[in-house]
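Asks: Have a look at this one before I ask anything.
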């Protein structure tokens, strides 16, 4: 007796009289699949595009800028919050209603928006290049504890929400990034924590 034989679809439907139940069911499914590609339909579940996931990032992040010098003179670094950051930020946002506006964040797309607008992307924190630029900014989805974020906070580089990039691209003009600043590190009352406390 080879019990494994019953599991292979070819044998169980044709040469396995001991298990009429499954083979009967299988035949029904086969005839259904011939009429409609039910496997595909089942996976899609009706709506194949979920907003902010497989949809167009331009919907949630704004278009690529029409103005090729929109972000000219700026040097940008990009980082993203971790699951831990998001959870701890959530605790603050329950107390502070307008703690920081956030939304879907596609770092690669945001980077391409900045480059299309003439911005210079720094792959990592570099103090000399930051000082050489007319203005260097760190773009993130919310306050986070990544190395880049902490280095930028300690050297005075403003940390700005990616919502600023989205709004600039939607309006095709440079908005005041100071209205989109992320906290250096918020205390329980929303106050900014002393920068040096990160490096104690």
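In case you wondered, yes, glycine gets a Cβ from its N, Cα and C as well.
Since this is a predicted model, take the numbers as computed values, not measurements.
As annotated by TrEMBL, compositional bias 'Low complexity' applies to 8-23. As annotated by TrEMBL, domain 'BRCT' applies to 66-182. Sequence annotations record features per position, and here TrEMBL assigns region 'Disordered' to 1-66.
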Asks: By DSSP assignment, list the helix, strand and coil residue numbers for the domain 'BRCT' (66-182), in that order.
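Replies: Counts, helix then strand then coil: 52 helix, 17 strand, 48 coil.
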Asks: Taking only the residues in the domain 'BRCT' (66-182), give me the average pLDDT of this model.
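Replies: 87, rounded to a whole number.
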